[in-house]
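What follows is a set of notes on a single structure, which appears directly below.
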Amino acid sequence: MASSPGILTDWPWTPLGSFKYVILGPGFIYSIYQYVVKDETERDTSTLVIIPLLLWRMIHNQIWITLSRHRTAKGNARIVDKGLEFDQVDRERNWDDQILLNGLLFYLVANLTSKGRDLPLWRTDGAVITFLLHAGPVEFLYYWLHRALHHHYLYSRYHSHHHSSIVTEPITSVIHPFAEHLAYFLLFAVPMLTVLFNGTASLGVYALYLSYIDFMNNMGHCNFEFIPNRLFTLFPPLKYLMYTPSFHSLHHTQFRTNYSLFMPIYDYIYGTVDKSSDSLYQKSLEREEEVADVVHLTHLTTPESIYHLRLGFPELASRPHTSTWYLHFLSPITMGSMLLTWIYARTFVVERNRFEKLNIQTWAIPKFNVQYLFQWQNQPINSLIEEAIVEAEQKGCKVLTLGLLNQGEELNIYGGLYVQRNPKLRVRVVDGSSLAVAVVLNSIPKCATQVLLTGKLTKVASALAYSLCQRGLQVGVLREEELRKLNKSSNAKFESNLMVSKGCSENIWLVGDDVTNEEQLKAPKGTTFIPFSQLPPKVIRKDCFYHCTPAMKAPPPIQNLHSCENWLARRVMSAWRIAGVVHAMEGWTEHECGYSISNVDQVWKATLGHGFQPLPTPTPCAST
């Protein structure tokens, strides 16, 4: 929102929320109706192209979003080093509004004038006229309109909304108030209406011109430099005819320079070129890939999780992963992406963060939850994980944490397999078990005297049982075999606190993987389910409280945290991810993987000391 919003700031269809696309319904239905009822000689196919064109523009923009976020996460050729935050993601979530506006106006023009009907597929003369008019009047008028928008009166009421984003993303290019977008549409309409009324318009020219506008807009705001220097060496005048991402980035950091649209010629003519344009361009091109101190190695969860990644849809990535009904319409793309992960199975960089002097990256291996269930997948999964560890080692990484199902007793002995195979590893492999135990322990109310532990008994479960018994709490289990397994891993003097539960009366349940619906139904009303597993249990009880998986709130100094980690809330990080950060901050030199576990109290105190905060647990103790 602008600092002092002017008239026509809000978009008219804002109250419709996610249903805003219905505004295109009348135009689309009318175009289909006209095509169906009219004779073949009178049918107009031009309006039928509008919806596919709008879809192409959305896909085009999304490609740029994914590419930009991937490149800026890796760090090579990145221009501005600062991070994004959730407020920017929220501000830019309606980037498709300008595409809807264009669609409305296209339908309006096509139905108000006969010249907008039955357009040919291509006309070369129309293409020449369009790009000459763009290079001349459009670029010139935009330059002066842009300078006017930086006058205090218009800037505070309109253009400051766009400049709220110092670190730009491709979609930042179209984040403007409604009135400002109307002005831009009138400007870009100059060549489009000219060729329409002089009879040289064509569908191909319109599609090409709009794609050119989108491409240049996205490129100018992508925050990584990729235009090779040899282009300007081979053709020096090109610097006046095409801007670079770093050229426009300076406009967002300096505000009073580099006003041009796509062609910097008018900045050179009127002396508004930023003096550091050339040096920033060269510096950005030469910037190498960022070396991460800590890598968190995760994986895809469900097929739809690709859209919830930071590289996917920004709006979905900025909120906890939940089922979204309209993603079912993208099933062909979803299946295609799954096929691609099978063919092109390589680990990729998802996210980067910075905490004080620590560079942190999240990498993902292209495997889904379901694949971890099959034993025949163990070898390819382990190969991908080991390759990631070796790559992190070669790049000078200090710590690598194993997230989600990338650790497991059957899969890789809780990560110990890789240390056995590579005994000289300098990168420390951390499975985060000690912090996960600490988070669960501190989620249990102080007034509790007994808990029930169920689900798959991992080393986290064993450490929990031992710690709880040590504190004097009674730990119940559902089956005799679970009791025997826990007794083997716990100290003999605490065995009296371990027992098979009678009646499942405990109202605090610590649950792991494989907890069944039938087991949950045995819990008394008001029970609090606290997971100790990587994945959350299925919620089937509305009369009980489900705590999130082991996690903590991130401290404010952590930068670039603008996407949610799977099902966790904003600025909440999983214990396994945090464990690697703390390990590196403390300078600990041992691995934490295999069957070993670090000192739980020491890890907890260190984590709190670095500003991570526990999440609230509203758990009653009336019946404990």
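Placed from the backbone N, Cα and C atoms, the Cβ positions cover glycine too.
Heads up, TrEMBL stuff is auto-annotated, nobody curated it.
Just so it is clear, the model here is predicted, and its values are computed rather than measured.
For 18-36, 126-145, 182-209, 325-345, the entry in TrEMBL reads transmembrane segment. Summarising the annotation, TrEMBL assigns domain 'Fatty acid hydroxylase' to 133-272. The feature domain 'Very-long-chain aldehyde decarbonylase CER1-like C-terminal' is assigned by TrEMBL to 451-614.
Within its own chain, the transmembrane segment (126-145) is flanked in space by residues 183, 187-188, 190-192, 194-195, 198, 200-202, 204-205, 208-209, 241, 259-263, 265-267, 270, which lie at least six positions past its ends and keep a Cβ under 8 Å from the stretch. Cβ atoms under 8 Å from those of the transmembrane segment (182-209) belong to residues 8, 46, 49, 53, 56, 101-102, 105, 109, 113, 115-116, 119-123, 125-127, 129-131, 133-134, 137-138, 141-142, 145, 176 of the same chain, restricted to positions at least 6 beyond its ends. Break the domain 'Fatty acid hydroxylase' (133-272) down by DSSP state and the numbers are 97 helix, 1 strand, 42 coil.
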